[in-house]
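Heads up, the thing below is written out as structure tokens.
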Amino acid sequence: MKQSYFLKLVVFCWLFSISFVIAQTKPYEIPESIEVENISKYFMYYEDASKLMSLKEISKMEAEKWKPITKDDPNLGFKKINLWLKFQLHNKNNKAETFYLEFDYPLLDKVDIFSQNGESSWEKVINTVGDVVPFSRRPFFYRNLVFPLKLEPFETRTFLIKIDSDSSLQFPAYLYSPPRLIKHIAITEILFGFFYGILLIMGIYNLVLFFAVRNNSYLYYVIYIVFYGTVQAALNGHAFQYLWSNATWWGNTVVPMGLCAGGAGAILFMISFLSTEKYLPRFNKVLWSLAALLGMFSLLGLVLPYSISVRIGTIAMLIVGIVELITGVVVWRIGNKSAIYFILSWAFFLIGIMTVALIAAGVVPNHPFLRVSHLIGAMFQVVGLSFALADRVNTIRKERALAQAEALKALEENARIIKEQNEMLERKVAERTHELKQKQEEILAQNEELQQQREEITAQRDFIEVKNKELTELNTHMSQSIQYASHIQKAILPDETIIRNYVDDFFLIYFPKDVVSGDFYWFSKIENHLFFAAVDCTGHGVPGAFMSMIGNTLLNKIINENKIFDPAQVLSALNEGVITSLRQRETGNNDGMDVCLCRIDIKNEEEFELYFAGARRPLYIFKDDTIIELKGSRSHIGGSGLGIMQTPYETYQYSLQKGDVIYLSTDGYTDNPNPDRQKFGTDKLKTLLLLYGKEPMDRQCYFLKEELLMFQKNAPQRDDILVMGIRL
């Protein structure tokens, strides 16, 4: 009977644990009216002790290896691992939204976040961030790590986060709406500003008193405040944000150094303030030795790893707090009555420090209030020690009162400035909201226009079906015309023999999908410049051929006649020329082209200078056994971008040597499918260019054609294909 009861209990516990893990894998359902939510419990985590596992390996790892997070404020303490986090978000809104994920712990060294897109592939949300990465690389000017997470309407998206850190692995995660994030940052920064303001005021105040009365107690107290304030600014992320944004090595060094140096200042302050030489003459020598030892320990941060040196600094600060408290009690019992302020001050501080140390070790939950217990204790300590010092400076009471009044006035002025800044920020947010609403109305108007065009197309289709027989009769005549157009198009394309006169070697892969092509290549030698272009016009066949003739004519006019040589300016002029030629602003026509354009300046027989600009097309360079990809602008040439703010075209400059190879292409090669409808792909093309980059150009041409035919097999060609290779 007892065995049966025990077996049922085991089965129940197992089922409960399984259901708990399953529950943890559910995505967080983002409500329509979300402001802020702690989503830590929706995370799963995996500890990579080898620190060698790749994103691919992690993404394919078995579900049972992931462990659930059971606390709102997770803390794994100090571990030499790569920590992987996994979670899902579901957007319940009927529109695309951007939410912001904040880790409320700024000391993580390196954090990468990946998102799984609709094709089940992983992509980085932002570049690597952390306190060993320059602060300027962060997308937000804020002390904590904040990640923008964009979700489409009703989308469920999976995210992976990799944390590599020598600091304590704490990652309380909060999801914010944009307005709530702005409000959160404003409030927390005001509170931290208040804390730093107190430290600054007390430091300045006691420094003034030191110069006024020449008592070393005030100088030691200022030393302690400076180092302790620096440590707190580093721990809270403000020092990295404002003081040493690019000195990433210093961020992990200053914390243990500041703890030990601040502890030495606190010991010296105690020796002077409590007059230990008078009340405890023998123990006074021990205190001086302890101060000297802490001064030497402060240098350990330069040579020891952070995970070790910060523990030494934390333990040292705990020891200092205990010594200060015990010494204060002993001196008070002997007869120094002013020590009561000293005792109470260090008691508050010690409680705060011990709480933070227990949080860092993972013993105490990482609650938001407990995380700032050391700041609260420090404020009480500063106030208490100030009372203690005030008891000894009755002779300068009036001067101190005046200084406090001025400090209060400065705080009020800071509060007024912050309030004005918040009001200005709210006005800017309202203006931006109004602009977005206007853009939305414009998009709705464009959608109505597209709907009308679809209706017109439907009517035209019906008309075309009626006229089908007539078109059949005209087909023969049109075929003859197209054949003649093909001869015209070939006539305007550059002669390969002329191109070979100016470069070391050259190959061309040019496979029109139809008789005439929407892709064309262009070459011009003008002054000391060689211009090459690979252009993909809208469509293929006859429409594409018409567009190619317009593009060819415009390039000749812009470069050969108007003498515009900067590639970005050429693309801008070409864009305006297409819009004007097709009257796109009046007609709504959206035909255009993607362009890869480069200019090669011959400096001497061995050196060349490359200037490149692209409209949605990259340029590949084979140099030093590597493939370098120069990406073009996302903006199109022609009407597809009308009414939308486009990314400006940019010219990229690159130095090349004799023997380097550049490749220009349209998207036909990489988009060509196989019988399974899989595209050839850009990665495979770059792999082939890297593999055959040293081969003669005719061999490269042969290999590229063979690889494409082997991949395509019996699948029909999808688009015009154009690839040019040029060896300098």
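Including glycine, each Cβ sits where the backbone N, Cα and C put it.
What TrEMBL says about this one:
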- 1-23: signal peptide (SIGNAL)
- 190-211: transmembrane segment (TRANSMEM)
- 218-235: transmembrane segment (TRANSMEM)
- 255-274: transmembrane segment (TRANSMEM)
- 286-306: transmembrane segment (TRANSMEM)
- 312-332: transmembrane segment (TRANSMEM)
- 339-363: transmembrane segment (TRANSMEM)
- 369-390: transmembrane segment (TRANSMEM)
- 408-474: coiled coil (COILED)
- 501-728: domain 'PPM-type phosphatase' (DOMAIN)
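Among the stretches 218-235, 255-274, 286-306, the one making the largest number of Cβ pairs under 8 Å with the transmembrane segment (312-332) is 255-274. Mean pLDDT across the coiled coil (408-474) comes to 77 in this model. Note on the transmembrane segment (255-274): residues 215-217, 220-221, 223-224, 226-228, 230-231, 234-235, 284, 287-288, 290-292, 294-295, 297-302, 304, 306, 309-310, 312-314, 316-317, 319-320, 323-324, 327-328, 331, 336, 339, 342, 388-389 of its chain, located 6 or more positions outside it, place their CB under 8 angstroms from a CB of the stretch.
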